[in-house]
């Protein structure tokens, strides 16, 4: 998520859940940043965008998402990321932002499944051995969320390469005009059945379901039908939910969860370590990464003292 899953926030999630049960996703990075030299393997800017060496399991635990409408640019991005040891690259075909549409990528690409197939094919060809390639998309766009529309998109993309391609399905259509990105995550009606139909239609393809999943029970319900679940807004609003998933979905004992119970003792310890990373980040008070902790404090958890006081004035070093 843009302006949310930055390096500091992903590091916070690993502090909360060091069990490595969860894949963490970067913000979307435009592929031409690699092909045009704005980001490269020796660039300090790369470290600001992708928290590779911030996370001990980055090679398998981090998914780098790219945006692109050009097969060549996407291939260069995958090559560069492969050199760094990244093992999973995702192509964004679900973002409905007007700015993203102007760049001819994101959700608007669902109108051109053949082009998406060419991009995915180029990514797969550039991928090193063991590298995963996936596509994140909606179940439809504008007035079309029919079975045939989504079936054709997935079939066309899947057939573009012999490399296994997995799909993350946001179970809402995307409105390309008239709704903001935030509204597009709330207003279109959830249609999980369409996602389930694709799971049945393509039994040898891996599918992850996304959208409106906000409780342990709803996670388990989706896992009964899909290969995985993606959580976005729920983790943005309550990153501590990862600890609940560790305990109730993965069976991790409470003694292995550093923030078990999310008590007044555990929160300051995690906050202080998070603050140590924030002091190196290019953030100002009020950005999503800084706002996440006061929300938890506002839910009855004792505020962390000293460097963890994020309320209004930001971290105090």
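Cβ coordinates come from backbone N, Cα and C, glycine included.
Among the features that TrEMBL reports, domain 'DUS-like FMN-binding' is placed at 1-248. What TrEMBL records for 65, 136, 170, 210, 211, 212, 232, 233 is FMN binding site. Annotation comment: TrEMBL describes 95 as active site, proton donor.
Comment: FMN site residues 65, 136, 170, 210, 211, 212, 232, 233; largest CA to CA distance 21 Å, whole number. Taken together, the residues of the domain 'DUS-like FMN-binding' (1-248) have an average pLDDT of 89.
Counting every protein chain shown, the Cβ of residue 212 (FMN binding site) has 18 other Cβ atoms within 10 Å.
Separating the Cα atoms of residue 65 (FMN binding site) and residue 95 (active site, proton donor) is a whole-number distance of 12 Å. For residue 136 (FMN binding site) paired with residue 95 (active site, proton donor), the C-alpha to C-alpha distance reads 9 Å. Annotated pair residue 211 (FMN binding site) and the residue listed as 'active site, proton donor', C-alpha to C-alpha distance, rounded: 13 Å. Within 10 Å of the C-beta atom of residue 65 (FMN binding site) sit 21 other C-beta atoms, taking all shown protein chains into account. It is 232, among the binding-site residues 211, 232, whose Cβ has the fewest other Cβ atoms within 10 Å in the structure shown. For the pair formed by residue 232 (FMN binding site) and residue 95 (active site, proton donor), distance between Cα atoms is given as 13 Å, rounded to the nearest Å.
Between the alpha carbons (Cα) of residue 170 (FMN binding site) and residue 95 (active site, proton donor) lies a span of roughly 10 Å.
In this structure the C-alpha atoms belonging to residue 233 (FMN binding site) and the residue listed as 'active site, proton donor' are separated by 14 Å.
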